[in-house]
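Peer 1: Pasting the relevant annotations from TrEMBL:
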- E82, G83, T84, R112, Q126, E130, R258, Y262, Y263: L-histidine binding site (BINDING)
- 1-315: domain 'Aminoacyl-transfer RNA synthetases class-II family profile' (DOMAIN)
Amino acid sequence: MAKIKAIRGMNDILPEQTPVWQYFEQQVQAVLSSYGYSEIRTPIVEQTDLFKRSIGEVTDIVEKEMYTFEDRNGDSLTLRPEGTASCVRAAEEHGLLYNQVQRLWYRGQMFRHERPQKGRYRQFHQIGVEAFGMQGPDIDAEVILLTARLWRQLGLLDSVTLQLNTLGSSEARARFKHDLVVYLSERKEQLDEDSLRRLDSNPLRILDSKDAATQALLDDAPHFHDYLDDESREHFETLKALLDKAGVAYEVNPRLVRGLDYYCKTVFEWVTLELGSQGTVCAGGRYDGLVEQLGGKSTPAVGFAMGIERLVLLLETLGAIPASVHRTVDVYIASMGDAAAAEALLLAEELRADNAFRVQLHCGGGSFKSQMKKADRSGAAVALILGDNEVARGEVTLKPLRIDAEQQQLPRDRLAESLAGFINA
Ligand code: ATP
Ligand code: MG
């Protein structure tokens, strides 16, 4: 019978890769805690309308990327394509937003039916942050500083650049949009195919176009920064000053617009040149109108999402993964004979007390040579060997596996201290 395979664009993350994922996730979690963010977990499936109403009907995601299906009741459900909508829905539903400040984060799978390629998948993972109830540029600065700190801790800061822009108020954007459409409509024949389609549906996305002719056309088009409202201009200037003061470098990119409808004022992306065309590893901005758009009371909000696959790829590409990440076992226990095997089971339990050591116990017998081969492959720093002689004398043989040193007999009751020396070496 033909074997069933995974769905295209949906990846298994194999045991040799998970240590890197765990390392990355632990680093992010530690940074998030140090800024006082709390985790929120929401379902993977939501009512389709949630995404239609938040992301916007004429975005790529809603038009062609969502996994939408009818459940057995005939309700239209969608696998979440991003985390912000669910986070707002949950926070609003449980009364977390009214007259409160919230600093939240989430992590998990997202689903988009895109063309799979390096750094772009149909199931992918994001970690995101949403800060509610704060309208000033100080919180924008905080979320950006948080990401900068994370890159620094991961050794990535030299490989990413921060692109920054402001989208102003919705009124300013509407005036700009009008003039941009007038300008481009008079030059339709010079637009690429995608941009031509967006002219009616989502003209701001044209600023994002990768087409050289379209980009050239935009040089002489109306410039958004001439339309900016005073409040947004001041917000942006203060944000830039805060980042300058904190020593976070950025590039103002007036063509950065983001794919989703709900952004206003600040938008930003962290971009790398190391991953080819899928270079955006983290993206976000302010979305003051979204809570109200979803039926809540008007609530200022700012957030971002980072793509875990792309950041893991970046860590691997740069070789920025500490060697200790791949060492998942400290001690391998081998034994010869039935009595020793029974004793080995107990020894392993002893060493695992208080999670002191990561112990892999050899099970299933076999020759000494084959057990030592497995010990070596486990990545453990030392092998402990128990035979009938050792058991009779209350001793254990310790064999260092990663350094050139003699094996030694150690009394069982002093084993833990000796082990610590080898493992931390
Ligand atoms: P892109 O321009 O690359 O399509 P996007 O603007 O659609 O990105 P967002 O919706 O802002 O991306 O998601 C935030 C981050 O999630 C991205 O910067 C990226 O790192 C990651 N991401 C988005 N889509 C995918 C995908 N299909 N596969 C892997 N990672 C993704
Ligand atoms: Mg996309």
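Placement of Cβ uses the backbone N, Cα and C atoms for every residue, glycine included.
What TrEMBL says about a protein is an automatic prediction, not a curated fact.
Help me picture where these features are in the structure shown.
Peer 2: Other Cβ atoms within 10 Å of the Cβ of Q126 (L-histidine binding site), summed over all protein chains shown, number 21.
Per-residue pLDDT, averaged over the domain 'Aminoacyl-transfer RNA synthetases class-II family profile' (1-315), rounds to 95.
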Peer 1: As a test of the contact definition, list every same-chain residue at least 6 positions from Y263 (L-histidine binding site) whose Cβ is closer than 8 Å to its Cβ.
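Peer 2: Set apart from Y263 (L-histidine binding site) by at least 6 residues yet with Cβ under 8 Å, we have L167, G285, R286, Y287.
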Peer 1: Which state, by DSSP, holds E82 (L-histidine binding site): helix, strand or coil?
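Peer 2: Reduced to three states, the DSSP call for E82 (L-histidine binding site) is coil.
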Peer 1: List those of the binding-site residues E82, T84, Y263 whose Cβ lies under 6 Å from any atom of ligand 1, in sequence order, or write none if there are none.
Peer 2: E82
Peer 1: Sequence gap of 6 or more, C-beta under 8 Å: which same-chain residues meet both conditions with respect to R258 (L-histidine binding site)?
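Peer 2: Same-chain residues close to R258 (L-histidine binding site) (Cβ under 8 Å, separated by 6 or more) are L167, V267, E269, A283, G285.
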Peer 1: Restricting to the record's L-histidine-binding residues (E82, G83, T84, R112, Q126, E130, R258, Y262, Y263), give me the longest CA-CA distance in Å as a whole number.
Peer 2: 21
